[in-house]
Amino acid sequence: MSSISLPPEPRSQVDDPSSLVARFGADEPLMMDAGIPLGPWQIAYQTYGRLNADKTNAVLICHALTGDQHVANVSPVTGKPGWWTTMVGPGKPVDTDRFFVICANVIGGCMGTTGPASTDPATGRPYALDFPVVTIRDMVRAQAALIDRLGIETLFCVVGGSMGGMQVLQWAASYPDRVFSALPIATAARHSAQNIAFHEVGRQAVMADPDWRGGRYLVEGTRPAKGLAVARMGAHITYLSEMALHRKFGRNYQDRNAPTFSFDADFQIESYLRYQGVSFVERFDANSYLYVTRAMDYFDLAAEHGGSLAKAFKGSATRFCVISFTSDWLFPTSDSRAIVHALNAAAASVGFVEVESDKGHDAFLLDEPEMFAAAKGFIDAAARVRGIA
Amino acid sequence: MTATALLTPTEDHAGHRLDFLLVTDMVEPGSRVLDVGCGDGSLLALLRDRRGVDGRGIELSREGVNTCLAKGLPVIQGDADTDLSDYPDDAFDYVILSQTIQATRQPKVVLENLLRIGRRAIVSFPNFGHWSVRLDLFLRGRMPVTRNMPYSWYDTPNIHFCTIRDFVELCGEVGAEMEKAVALDAGGSPVRVTLPWWAWNLLGQQGVFLLKRR
């Protein structure tokens, strides 16, 4: 790991983000699943397009583990385009010319919504591990409070991939009357043992970094950059596929023609992963990584409903479209089929398509014309029924 | 289940397939329908528009599923042979299997599933007992390949052909009661109901059956 150097301290987006922010006072606490009321608290969000007079054209985008609210604008942190400009924008499946699109940073995040890096008003210092453990339902509850604040009764569509897809499912289960249509992509109704295992490895990497300091690194002026980078490197492998790795890197050497008989990054894949690790550290808070991965681990929608996923959707009038990818082994098609089966058992309206792709889990963020076709067809048809086409 | 179109069924002036119109007539308005092997969703759309049904579909091809989604039809990518077992009992008023049973690996299991999932099943299939098919076998000694049956024996997706008589027997075996049975001739018109079974089996190019669990 000798090549990982400490990057410069990023501009803090934590308490005062470059976003819209909805603030809730101590009198409007967020009731967390951990049994702790969180307040005061805030949620940072971006919007695109215009809300119509009837307030029937609002689309909520839910971001994945390390995403943020900057879905379709240049990130103020990295200077790169939004993370889902292929899906969200003028003329895109989530068409910002027609819909009012909202995307909020999740609770527990580090981009302006209250999380472990936020200042605890009780102490004046970052919460760190004093922050209550977060669940997917907490994230959705916080989003619902924002939607209330915006005066929107029913969302036309809730869209998200991976952890974002978990939020979509949670929205549909928690607020069936407020979700006209739902588009969960590359996701699952519960996190698998294998996925919990990968997350645990990542968290242990962070916590094993001496600079983590029991989570109090912000106060102590250190950063567990190496641990977080290793966590990201490991996780990044799970987002790809063997085929994609082979196609992109093979066994190619990095800037050399032969192995150096050292532990330098001889292979392109090593160099690539190190870069992924280092650049991630520049934009993400280590404790947030612990909290948000934990939220995914705890997600089991059926468990909330006596072990029956179908019960979670019973009587739902929401129109669902589920999308998976053939080479996604992190959230395999079988996970999506389990959702579809439950929706069928609940007599819900559901479409499902498995997109052929060799790009692994990451496919949902990439240029996948089949996914766009399915999403656009589904959203446009729903818009016609909703009367906002 | 798309590559199963054996016939090029005749259409009415509005471009609707006559066998689809016949199926549509069999379905009570406002009922819940599952179309297994729904293709591009033409039948589901017809059922929705004419009978106000709450329709669902299963389709093997991604292209078919996407076409259906774009029509606002809730269709899932799946396979009649493997995915029907996941549906609960009595989930639908009707389960339709249109021009698909001959392409399934286990027609009997599929039929049993249709009758379990739906209170009624509607099955249509090409009749291998049609006189033109018999003529091919009898005179030429060859597996029939015609305009309506374009596949050679070695590359056909239609692996379980049956005649109308065969299907009637299968219905008996799985305990299905026939509420309606219609044979359509080459022009897509129903064969006269007064004719006996053997005539149906000879003149019907396809059979359309409305079945009920006994």
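Just so you know, glycine gets a Cβ as well, placed from its N, Cα and C.
As given in TrEMBL:
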{"type": "ACT_SITE", "residues": "A:Ser162", "note": "active site, nucleophile"}
{"type": "ACT_SITE", "residues": "A:Asp328", "note": "active site"}
{"type": "ACT_SITE", "residues": "A:His361", "note": "active site"}
{"type": "BINDING", "residues": "A:Arg232, A:Asp362", "note": "substrate binding site"}
{"type": "DOMAIN", "residues": "A:57-366", "note": "domain 'AB hydrolase-1'"}
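Taking the C-alpha atom of A:His361 (active site) as reference, the shortest distance to any of the recorded positions A:Ser162, A:Arg232, A:Asp328 belongs to A:Asp328.
Close to A:Asp362 (substrate binding site) in the fold, though at least 6 residues off in sequence, lie A:Tyr239, A:Leu240, A:Ala244, each with a CB less than 8 Å from its CB. On the backbone, the CA of the residue listed as 'active site, nucleophile' and the CA of A:Asp328 (active site) stand 11 Å apart. The two recorded residues A:Asp328 (active site) and A:Arg232 (substrate binding site) have their Cα atoms spaced 18 Å from each other.
Over the domain 'AB hydrolase-1' (A:57-366), the average per-residue pLDDT in this prediction is 97. DSSP assigns A:Ser162 (active site, nucleophile) to coil, not to a helix or a strand. Sequence-distant contacts of A:Arg232 (substrate binding site), defined by Cβ-Cβ distance under 8 angstroms and a gap of at least six in the same chain, are A:Thr66, A:Gly202, A:Gln276, A:Gly277, A:Phe280, A:Val281, A:Phe284.
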